[in-house]
Amino acid sequence: MKIEHKIACFFIVFGSVYFLESIGGFYMTSAVVFIEKQFQIPSRLSGTMVSAGDFAYIPVVVFTSYFGGKGNRARWIGGGCMLIAIANLLISSSNFLFPVEELHVNSSYISSSLAYEVNRFVLNTSSDPKWFSRTLKEVDPNGTALSTHVGPYHSESEDFIKYQSFCFYNPDSEICSRMEDRVSKEHAVNERDVSAVRLLTSLPYSFCHNLINKLRQEHKADECKKETSSLGPFAMIFGGLMLLGVGRTMPFSLGLPLMDDNVKKNNLPVYFACMFFVKILGPVIGLLVGSKLNEIYYTFDPPQGLTPLDPMWIGCWWLGFLIFGALLFFPSLALFLFPSDKLDEGEITEAITREKSKLGDDSAPIKPKKRLNLRDKHVKVHEDHVTSMEKVTEFFGVVRGLFRNPIYVGAMLGRIVDVLAFKGFFVFLGKYLEIQFGVPQFRIQKYLATTGVVGFAIGVIIGSFCMRKFRLQGRKAAGWVAFCSLVSAAVSFLNASVGCKSVIGEIGDQGVANNFSFPSCRPDCLCEGMPFYPVCNNKGDIFYSPCQAGCPLSGANFTIFSKMEKGTPLVFTECECAGSDNFAVSRDYCPVEHCNSQFNTFFFNQALGAVFGGLSVVPGMLIVLRSVPPEHRSISLGFNGFLVSLLATLPSPVFWGKIFDMSCLMWQNLCSKTGACPIYNTDELRIRIHLIYGGLRVLSLLSDIWVVYWAKGLKLVDEEEEKKKEDGSVRELELLNREEHVNPKFDVPNDEKILKD
C-alpha cells in the first residue's frame, strides 16, 4: 500500500473510532435520568456512578500516555476503543440481568379480597350498566335503607359513589353488610375480575378506589420483604463505566501527539479543529439518538395511558449502549492491522547511503521517504540498557518539570475548574430543564444537540480559523481564552433569572402547603403512597394524581381505559375533586405553553455560552502543547488528564448531584430506603446551580489571567521554530531509535529534514 493511502486509511479509521467513542461517552448524559427512575437511584448516587469512569481513568492515564507513546500508538488506541465497546455492552446488559418487576398481585389473594367487595362490579359495568341499582333494589326493596343516609336517587354512578363513601365510614351498617353478603353468595369472582385488578394494581397511576389502592400498598409491603435493592444494577453500570474510563485514556492523550507528528505545524489548528469537530459531532449524534430512543418505552410495551410527556416515563436508554458498543467493536479491531513503524530494508539502505556520503562518498544523500509516524518520534524507543529505576526516575523528573512550568500549571488549573463546573452541570442539565420548564426528555436532547453542542462546534471552528488568520500567539491567544471564560460566566449568571413554574414546581408548592400528603377530597380513596402522575383540569389546576382528583374507577373511566390505544393520553372522568364543570382531568390539560418563552431564552443564552466556550478550545490546547518540550507532549497531556479527572471529572457529577438533592422536596421511598426525587423546589434549584456554575467560571478566569501574564513570547504555530527542532535534536533521536538496524553508528547531518504531510 502506498504511504499516502496508508496515512489516509489510518486517519479514516482513527476518525471513526474517535467519533464512535465520543458518542458512547456522551450518551450517558441522556440515559442517567432514566436509570435513576428505573432502578430508583438518588442523584447523589447516580452522580457517583457517572464518575466511575474517572476512578479508572485517573490511575491509568499518566502511564498510558507515557508508555503508549513509546509503542505503536495505533494499536494502543485500538485496544482502548475495544475496552470502550465492551464497556458499552456491559452497561446495556444491566437492563436484562436486573429487570424491574412489575406489580403483579397473587390471583388467590385477589379472589379472596374481591369476594365481599361490592366495588369490584365497576369492572363489569360495560356489560351490566345497572348492576348497582338492580342489586340494591334486591337487598332493599323499599329503597329506604340507603336513601335515609345519602339522599334520594340521582344516577347510577353518583349513587354508587355515595354508597362507597357511606360504607367507608359505616362498615358495620346493615345495608352495607347485606350488599356484601349478596355479592359473595350470588356473584362468584371470575377470571375477568382478577385479571382486571392485577392490571390496575400495576399501572403507573392510581384511581380513587379503596380496594385497588389497598391491594397495591399491601403488595408493595410484601415485595419489600424480599430485600430487593438497586445495588446490583448500580454495581454493573459502575463497573462498565470504570472499564470505559480505562479505554478512553488512549484516544485523546495518544491521538493528539500522533496528529502533531504527521501534519505541518502551520496546518495544525485546522486539523485540531477537525478533530474537535468530530469529538463534538459525536455528542450531537448521541443526544439525537438518545432523543429518539427516549420516545420508546424501555420495555417496548408502555402501560396504558403513559406517554413520553409524563414525568415517570422511562426511555429505552439501554438500546443506545448496545448499538454504540457493537459499532465501535469492528473499527477498533482495524487499528490492530497497522504494523509497527520499524524501517524496512529500503529505508535501511537509504540511511546507510546518507552516512556514507558524509564519509566522502560521491553519491548524493537520498531524501528519506514520507511515512506514518505511529511511534512518537520525539522519544527514544530502544532503551534496553536503561534500568526500571532509571525509567521511574526519568518519569518523575518530567513530572517535576511540568509543575515548574507556570504556563502549563495555569492552563491546567483553569481546565480543572472549567471541567468541575461543566461536567456535572451538563450531566444533570436535561433533568433540570424537565423540572424547570416541564419539557419532556426527548425534546430536551434535541435542543441540547442542536443548540448547545452545535454552538460549541461552531465556536471550535471559528476559534481555529481565527488562530490561523490572525496568527494568535502568546499573550494574545491567552487573552482570547480569558475573554471567552468571562463571557461564559456572564451567561450563567444571566440564566439564573430565567425560570418558569412548571407542573412539578406547582406541585412542589402544593406539597409545602399540605406537608406532602396530597389528600383527596374523598377520604375513602386511600391515595397515600400512590404513584406520582400529575394531571390537570380544564382550568389548569394541578393534581398530584388522578386519585387526589377523586377520579373513581367508574364505568366510563374503565371503558375508556380498556379500549384506548397504548401511548394515547388518558382522560379521567367523573372526578369529584376536579373543581371543573366537566369533572375531568388529564395530563394533556396541564399548561406547557406558558414556559416556551423562558425556555427559548434559556437556550439562546446556552447557545451563546457554548459558542464562546468553543472559541477557546483550540488556542487553549495549543497553549498546553507548546508550553512543554516536544518530547514531553504525551506525558503532559496524560498528566493534565490525570489531574483534571482526579480533581474535576471525578467529583463533578457527585458535586452537582448533591446540589440537586439539596433542593429535593419529596423523596420516593423504596422499602424504607431513599429512591429517586420526583419533586424539587424549582426556584431554589435554578438560582443555586447557576450562581455556583458562574462562580466557578470566574475562578477559571483568574487562572487564565495568570497564563496571560506568563505567555509572553510563547509560539503556538511558528513553523520556522519547528523546522529548527526537526533539523537538530529530533533527527538525532530518530537515528538513536534506528541504531539496531544501522551499524556502525554515524553522526547525523544537520541539513536533513523530516518531511511532513
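Including glycine, each Cβ sits where the backbone N, Cα and C put it.
Listed ranges 48-69, 532-553, 686-707; the one TrEMBL annotates as transmembrane segment is 48-69.
Among the residue ranges 637-656, 657-676, the one that TrEMBL annotates as transmembrane segment is 637-656.
Among 7-28, 48-69, 311-338, 447-465, 637-656, 311-338 has the largest number of CB pairs under 8 A with the transmembrane segment (76-98). Across 48-69, 234-256, 603-625, 637-656, stretch 637-656 shows the highest tally of CB pairs under 8 A with the transmembrane segment (407-427). Residues 6, 10, 13-14, 16-17, 20-21, 23-24, 27, 30-31, 34-35, 37-38, 72, 74-75, 77-79, 81-82, 84-89, 91-92, 94-96, 204, 286, 289-290, 293-298, 300, 302, 372, 374, 434, 440-442, 503-504, 531-534, 678 of the same chain, all 6+ positions outside the transmembrane segment (311-338), place their C-beta atoms under 8 angstroms from a C-beta of that stretch. Counting only same-chain residues 6+ beyond the ends of the transmembrane segment (447-465), those with a CB under 8 A from a CB of the stretch are 269-270, 272-273, 276-277, 280-281, 283-285, 287-288, 291, 429-430, 433, 439, 480, 603-604, 606-619. Away from its own ends, the transmembrane segment (637-656) comes close to residues 44, 46-51, 53-55, 57-58, 61-66, 249, 252-253, 256-257, 399, 402, 408, 412, 415-425, 427-428, 624-625, 689 of its chain (Cβ-Cβ under 8 Å, at least six residues beyond either end). If you look at the transmembrane segment (234-256), the same-chain residues 6 or more away from its ends with a CB under 8 A from one of its CBs are 14, 17-18, 21, 24-25, 28, 35, 39, 41, 45, 48-50, 52-57, 60-61, 64-65, 68-69, 73, 76-77, 79-84, 86-88, 90-91, 93-94, 97-98, 272, 275, 621, 625, 633-634, 637-638, 641.
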